[in-house]
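According to TrEMBL, the feature transmembrane segment maps to 20-45, 51-69, 81-100, 106-125, 132-153, 165-188, 195-213, 233-252.
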Amino acid sequence: MPQPGLTTPDNDALPWQTTLLLALQHVLVVAATPITSVFLIAKALHFTDTVTASVLSATFLMCGLGAILQSLGVKGVGARLPFIMVPGGAPIAIFVAIALQTNIQTAIGAVILTSLFYFIALPIFRRCLHHFPPFIIGIMLLMVSINLIRLYGGLIIGQPGSADFAHPTSIILSLGTILITLIFALAFSGILRQLAVMFGLLAGTLLGMALGSTDFSGVSHGPLFSFPQLLPFGWPIFDLSASLPLLIYAVISMAEATGQTIATAEIVNSTQNVQQAIPRTIRGDAVMSLLGGYFWHLLNYHLRRKYWGGTHH
């Protein structure tokens with residue numbers, strides 16, 4: 001159960017200063033995931049720098065719009081819970097595999113087809129929700145946690161065979177960041193505890209600067225604002241057989257959404273009916289995935305996170 005003082009019920013409002021700081025903390029934490037995802041895809045598919053920048057801008061835009069949609073909820077779409085929408089790990093590998101085996105237009109078509117599959121499968125999935133015992137929900141949450149550990153563990157130690165794999169500096173920075181975060185989370189209360197992740201990130205960045213692991217030389221290059229291009233690779237190609245791996249993963253994604261929605265609703269002491277919130281979460285996924293497919297980015301499957309801090313509904 002949530003600890004007293006750690007969260008604010010979702011029907012309470014926070015001061016705008018606190019809300020702004022918590023929002024900044026969320027952005028700092030999630031920024032690494034879309035950047036890493038886009039660069040992994042760009043490297044695998046040999047994108048130019050211009051195309052990579054366009055895809056990255058589209059990804060950030062859709063992540064922001066998706067977070068707004070999931071937080072506010074509009075006419076049955078969106079969970080009305082503090083979800084941050086970012087690209088997922090496993091489906092990126094599936095997307096790249098489809099693109100390499102066919103072409104990128106077919107991979108984009110697979111994203112769009114899978115988004116439509118959400119709407120088709122949701123009525124059946126919704127009827128099954130009340131049959132899920134607590135044990136099954138617990139297994140779902142465990143799998144989500146394992147996936148997060150695997151994903152971010154890989155970001156820390158790097159890829160096997162690379163020059164910086166398990167580099168001591170990376171491990172020191174990660175442990176230092178975790179340590180500072182835990183200190184603020186356990187030893188302080190109020191706003192200092194709520195901003196524990198931000199303080200950990202700032203401490204890790206300062207430590208990285210001291211160790212010479214940061215490079216800000218590229219910050220001044222490129223445009224200040226960049227808008228995504230509609231259909232940058234041309235019209236998508238729809239191939240049902242090529243899309244099958246993503247369609248199968250959609251079922252796993254809906255199960256994952258179920259566990260994360262239940263967990264987040266409990267964390268923020270949500271007063272809404274969680275059985276009704278789950279379909280809204282999945283519809284929000286589908287809408288943003290469908291929209292994202294036409295701007296080309298990989299929001300199709302994503303991780304949803306609730307960080308320490310109150311909500312502002």
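Backbone N, Cα and C atoms are what each Cβ position is placed from, and that goes for glycine too.
Contact between the transmembrane segment (81-100) and the transmembrane segment (165-188) does not hold: fewer than three of their C-beta pairs are under 8 Å, each pair 6 or more apart in sequence. Through the fold, the transmembrane segment (233-252) approaches residues 90-91, 94-95, 97-98, 101-114, 117-118, 121, 125, 293, 296, 300-301 of its own chain, all at least 6 residues removed from its boundaries and within a Cβ separation under 8 Å.
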